[in-house]
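Per TrEMBL, the features are:
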- K339: active site, proton acceptor (ACT_SITE)
- H158, E167, E287, D314, S366, H367, R368, S369, K390: substrate binding site (BINDING)
- Q166, K339, R368, S369, K390: (2R)-2-phosphoglycerate binding site (BINDING)
- D245, E287, D314: Mg(2+) binding site (BINDING)
- 6-136: domain 'Enolase N-terminal' (DOMAIN)
- 142-414: domain 'Enolase C-terminal TIM barrel' (DOMAIN)
Amino acid sequence: MSTLTITGLSALEILDSRGRPTLSVTLTAQDGSRHVAGVPSGKSTGANEAVERRDGVADHYAGQGVEEVVATVEGEIASHLVGHGWDGIWEIDTTLCGVDGTPNLSRLGANAVVGVSMAAARAFAHASGQPLWRWLARDGVAPRLPVPHFNILNGGAHAPNQLEFQEFMVAPIGAPDLPSAVRAGADVYAALRALLVEDGLDTGLGDEGGFAPDVDVETALRMLTKAIDRAGYEAGRRGVAIALDPAATGFRGHDGRYLVGDERLSAGDLIDWYTELVEWYPIWSIEDGLAEDDWDGWATLTQRLGDRVQIMGDDIFVTNPQIITEAIERKVGNSSLIKVNQIGTVSRTLEAMAVCRDAGYTQMISHRSGETPDSFIADLAVGSGCGQLKSGAPARGERVAKYNRLLEIAAANPDLPYGLG
Ligand SMILES: C=C(OP(=O)(O)O)C(=O)O
Ligand SMILES: [Mg+2]
């Protein structure tokens, strides 16, 4: 094991992909090497996520800044970390959580903590002489190149249209290798653009780089299926499948009904509709199909569709090992989305993934809708061997940075397997 002595810690307020303030953290190690992490930021956040801290006063250009968070990294956090030798990321992360003292990192800010934790992980990888993905691989886990899930059609909180579902992703599950999968994502994205133009629909983009036309859910699914075909791929698991993130908390009314078009659906109605959609379209995964507090509905959804599609929790699980453990006990979902900033440290992220693995729950590593060019999650997806990554459309620099990092890893490591595993 390599010991890491931290000699410096600094932070900077930068902009994320939405033009909102976020921070980058730079950690300097004893050998003079510098390790930088860019902090992402979600918009459709789960109620139980670790808390992103922002300055109290909304400022003139982009909402609330993070200057106080920058000061916390350089002041309080640095005072606990700099000048000490550390034996592992667990030790640093445990110290950060202890110094924070709250269950959700709200005092220091999860954005401060996660930036330091990611930079520290990079420093440990460097000290061990390994690429980040290999250093992140834990005992008993076989690294692999994940199936990229390209979010090419955006709705919900990420787009100005009326489309209820937040994300319509294409997943080249049947591609022979990672480069072919990335090419397939780009081909389908281009085909969808052409279809939108042909139909006179808007080709403006949502927050994650997918198109944001004003269409309803079934039209979106029809267009996606057609785009897959038009691009020359087989629609379905042997070729390019569809994954949905309805992010259902976002279209649930105060009375607990789900508001879709003119309809006010119960959880049961919505589950019936999902069952039909899975029948009619090549859907392989549904994330946040019901609201985050609708645990009974989730159990029913899992019972009804869990043996046919991946039923994945995002807002409901928030990458929290305790919540995922409860979900496993209650047979809620069969898969978890994994977002590092949702739980706040690299160690707790790895713990959440281990809990999933032990229970046979699949996992998908995820970006946030507000991103930087940081490609940490690409390495995490490979090292964890989970087989799935979502990072938005195959366009826009902050999204493409992750897919391009996968391509780099693939090129340098031709023996790494590709696929769901
Ligand atoms: C990536 C997502 O969105 P956000 O980052 O806004 O939570 C998501 O809901 O899966
Ligand atoms: Mg989600």
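Just so you know, glycine gets a Cβ as well, placed from its N, Cα and C.
All features noted in TrEMBL, drawn onto the structure.
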| residue | record | DSSP (3 states) |
| --- | --- | --- |
| H158 | substrate binding site | helix |
| Q166 | (2R)-2-phosphoglycerate binding site | coil |
| D245 | Mg(2+) binding site | strand |
| E287 | substrate binding site | strand |
| D314 | Mg(2+) binding site | coil |
| K339 | active site, proton acceptor | coil |
| S366 | substrate binding site | strand |
| K390 | substrate binding site | strand |
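Relative to S369 ((2R)-2-phosphoglycerate binding site), the binding-site residues with Cα atoms inside 10 Å are H158, the candidates having been H158, D314, K390. When the recorded positions Q166, D245, K339 are screened for a C-alpha within 10 angstroms of the C-alpha of R368 (substrate binding site), the residues that qualify, in sequence order, are K339. Neighbouring residues of the recorded substrate site, listed in sequence order and excluding H158, E167, E287, D314, S366, H367, R368, S369, K390, comprise G42, S44, N151, Q166, E208, D245, L337, K339, G392 (Cβ within 8 Å of the Cβ centroid). Cα-Cα distances to K339 (active site, proton acceptor) place D314, S366 within 10 Å, out of the binding-site residues H158, Q166, D245, E287, D314, S366. Between the binding-site residues Q166, S366, the minimum number of other C-beta atoms within 10 Å of a residue's C-beta occurs at S366. Around the Cβ of S369 ((2R)-2-phosphoglycerate binding site), a 10 Å sphere holds 25 further Cβ atoms from the protein chains shown. Within 8 Å of the Cβ centroid of the (2R)-2-phosphoglycerate site, not counting the listed residues Q166, K339, R368, S369, K390, the chain contributes G42, S44, E167, E208, D245, D314, S366, H367, G392.
Sequence-ordered, the extra residues of this chain that approach the Mg(2+) site, with Cβ no more than 8 Å from the Cβ center of D245, E287, D314, are Q166, E167, L244, P246, A247, I286, D288, M312, G313, D315, L337, S366.
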